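A.B. asks: Per TrEMBL, the features are:
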{"type": "DOMAIN", "residues": "A:181-484", "note": "domain 'Aminoacyl-transfer RNA synthetases class-II family profile'"}
{"type": "REGION", "residues": "A:193-484", "note": "region 'Catalytic'"}
{"type": "BINDING", "residues": "A:284, A:335, A:461", "note": "Zn(2+) binding site"}
RNA sequence: GCCAGCGUAGCUCAAUGGUAGAGCAACUGUUUUGUAAACAGUAGGUUAUGGGUUCAAAUCCCUUCGCUGGCUCCA
């Protein structure tokens, strides 16, 4: 390929901008970068775009591409560039030009094109401030597979205080076939959407009466309980102790923790007997009170206190998204209290635990390091520096590839986040390891050190699943609803061939249930074909069919998900197979 | 919260200003079934909500609620 795909995508974004200017000569241009699956361009337009506009713009773009127009690059002295941009009323580009380093501003002109702005000589040309690179000519874009696919609002420069511009998103791939493949893949991915599967598999629901609050159905709870049983096993082995703290606590606690000052917008408040209370948005302050109940010794360290706790956060309505983003969720939280010398070892141990647990589920993750936010933080800058160095050191020693998110830390400390992709490639933060020198300070936590003197412990906040609802959502999409047998809400469906086999089917069901297997019997007077079809659609791992042939030999006919009919089996053998 | 789109039966969807309909699910009856959908019938709706325009509104306009995709924010 002659050009980098991003060069092609970005060049197309200029073609889009040219088309938009042809349609709206007064349009003001923002920026138009390449993204993972195409590009976008932000515009400030005289009217709101409607979906039909995209088809019109696509036609205009096709004409521009067909016109074999050359992308002509030229530099202008910065001062003249700004004057020009002011003259053509490209306010946003003026802002960008003013920030350019050096004395020159680079422009690209689509020479000889249909024309959308006028240059000094009155010649009609599309000109855009941009450093490139671009393809040589629009003729290089002829074979590209592209499509304008959505209109969205986006704040200028990503700041919600700024004006909201209209963003046009487009898909763009090297050729038309790749675009078609991509569209097909996305269509298939939508079948795995946890919201769709959640309804089809009867796992959970949402109701208008509780925006952002999940109703977990029996099958959803079954998966949840399996996950948590496993979680408790792993944490018990790793030396964690589990506590449970109240979800409503007095204002004074939140003032002490800093949440009242830094997190109030997201908290649900209430008054009890005239006193202010808040529903906990995080588990830590309750954990602090537990720690302070007695005097601790360095000999107890690392002290690992876990809490599977229910938190409530009033998230903005527009960010809610199925199980992935809710207003009330459970965290598999834990706080590790240790000395500063133990920090690296402990962070590393938590990293190992998260890695181990994700691997068992086959989840692929990437990690990000988030550092001190610009404002609204608690704790001294030395504390932050020390904390960031400790986390960086662990990542480096592990040889972990990580993305740096400057300024993205929590208000009390920096963090390592574990991110996982959903069905259509959006990434969600699940696990996190947060270092906190600040909370122990605020709560004046102490322990008796080796020298017999009081010292301040370091605290680590960590979750493996993160939000358990979100984790469940990720798992539904990861497995496309076909959970491994140990997690499946229903492990076995028992299907009697006809009414006269119900008694034996019940007996089989009872035996399986007594062996602690999650089993369902389908006693309806439907055809076997139909019962199999429905059990398959419910993605049940084992389907057991019983008729005369099985009753005679006291066995069951087994059908395994993904394998089909595997013949007759002894019930005890089936139990052994499922329990592995 | 902001920008845009959407909201019709339990579910998936028709009906574009003129009598709200289909398939599946549910219910009833018949069928007693051998590896992905038996047959027939019945019932199901103040078209999310409140208001407006009109002789007439699911359809056009406004309010509120909810959902979807983005933005900002975040587990």
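Backbone N, Cα and C define each Cβ position, glycine as well.
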A.B. asks: With a radius of 8 angstroms around the mean position of the C-beta atoms of A:284, A:335, A:461, what other residues of the same chain does the Zn(2+) site pick up?
C.D. replies: A:282, A:283, A:287, A:333, A:334, A:434, A:436, A:439, A:459, A:460, A:462
A.B. asks: Could you please provide the mean pLDDT value for the region 'Catalytic' (A:193-484)?
C.D. replies: 95
A.B. asks: Including all protein chains displayed, how many Cβ atoms other than that of residue A:284 (Zn(2+) binding site) lie within 10 Å of its Cβ?
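C.D. replies: Taking every protein chain into account, the count is 22.
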A.B. asks: Counting every protein chain present, what is the number of Cβ atoms, excluding its own, within 10 Å of the Cβ of residue A:461 (Zn(2+) binding site)?
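C.D. replies: Residue A:461 (Zn(2+) binding site) is surrounded by 23 other Cβ atoms within 10 Å.
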A.B. asks: Which chain-mates of residue A:335 (Zn(2+) binding site) that are at least 6 residues away have a CB under 8 A from its CB, listed by sequence?
C.D. replies: A:284, A:287, A:291, A:304, A:305, A:307, A:459, A:460, A:461, A:462
